[in-house]
Amino acid sequence: MAKQSSTLAALPRAEVCAYWVLSFGSHLYSFYQLHIFSKEHEAGLERQFQLEKGFLIWGHKKDPTDFEWSFWSHWARKSLLWTLLGHAVVSRLASFFIPKFRVTALLAYGLLVACCAVGIKGLGVVLGHLGLSLAVAQLCNPALSWSCALLLLSTLHIPQLQEIQRSWYQTEEEYYLLLFSVAVCGLRFISFSLEHCWRPLEAGGLQQQVYWLTAYSFYHPLFFNGPILTFKDFLQQMQVPVKDRGARITFLSLLANAGRICVWWLIAEYMIHLMYMHTIQANETYLEILPPWALGGLALALVQFFYVKYLVLFGVPSLLAGLDGLAPPKLPRCVSIMHSFTGMWRHFDVGLYHWLIRYIYIPLGGSHHGLLWKMLSTALAFGFVCFWHGGHDYLQYWALMNWVGVLVENGVTILISSPLFYPSIERCISPAMRRRCLALISAFSTAMLILSNLIFLGGNHVGRIMWKRVFIQGWCTVAPPMLAFLYCFAQIGLEWEHNPP
């Protein structure tokens, strides 16, 4: 709705304040109800899922069942915080003493840390993928580069290879660190290969290509988990001499950003101390007996925790990348003010979104070759994300819901903005009422967006039970108040977009 959104009407201040109060109030009350339910069923949850002893709040246990948070917390305590600090020290010393060889110093440090983290054999796997991607890229054929990349990524899901790689390590955590590293590096190899196919001379001769691809792939802050930065952006920004960089990050700014990350970490930890949402979502019995407010609190807590988690996981590497003169993608936007599938993809994982647009959507024609090509380009983008995450059945449902959601939103936008309808809408409905109608439509879109995210985070059973309890059993008792609160969230999102703080 580009035509309408550019002239979004202002609402009375009292109305906007009411939306803020209802939004915050619904979050806090639903979280409180989920906390009460968690404490009432703590003994049963502990027997089934082994809750850990809490360390932030006296007398509270901790829900350790979010795999990503537990996994990266383990590695942060074990080595990552120290190696990231070491990267910052190496970068500062190299910039001061050997500015011409700064990239070389960071490359060597990244290789050393990767070798220590995933072992010689794991490093060999990454270098093998790098070498094959580089060799195929020399043919300057995007189709061959894509075929090679998909083949290499598919090796991550071959059971026989998985067993061989598991045998290299003593713990599952070490194997998964290799798995994540190879998957994220796969995106970098695709980025390099396609950029080379389109502009063969940009990275120089073969020796320079090997140098820059290795520096790009093993840049330590982004190596294990991202966020994703394209090869073109990395090359251009790293080639800027230290003396020619713009204003440096001040110590106070650095301290403020680090403090903000610590606050996000504390919020995430408090959430899993006060609400056992991950253990509850794993048990269908608890999902069936959750009171309505606690059920809404569970949905909000799961997506909010996902958001705060990635503020931390992307915030730390982005902070270090900024110190090196890179411009990392923006951090995720709060999911509570996301009111469309399109907005979620644009503003949550910004790096992945730009990667998908540049390397899949635009090369396939995007919106410039008609509706059919737009649908195909979008489908293949979502299909690749599903494949990259593992291609499991719940991921297929999630990708399908997102594809349909984006298409429906675009279709409604085109329909309402068309000369057939828009003049009548503009003539008969006031600007303020048009905004309220937009928020109402967005409430339905947000409901489906949250449902798709719950499938992504918890699996098909979570989505199935949520659908049954909200839209089938609770169609007249649960769904209407839920949509009313989502309407308030959408209004806050619209206000935030058009009047950012």
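For all residues, glycine too, the Cβ spot is worked out from N, Cα and C.
What TrEMBL lists as transmembrane segment is 106-126, 175-194, 210-231, 251-273, 293-323, 371-391, 403-425, 437-458, 470-490.
It is 371-391 that, among the stretches 106-126, 251-273, 293-323, 371-391, 470-490, forms the most Cβ pairs under 8 Å with the transmembrane segment (403-425). Counting residues 6+ beyond its ends, the transmembrane segment (470-490) has Cβ neighbours under 8 Å at 18-19, 22-23, 26, 292, 295-296, 336-337, 339, 438-440, 442-444, 446-447 in the same chain.
Within the chain, the transmembrane segment (251-273) has long-range Cβ neighbours (under 8 A, six or more residues past its boundaries) at 54, 56-57, 60-64, 66, 69, 301, 304-305, 308-309, 311-312, 315-316, 319, 323.
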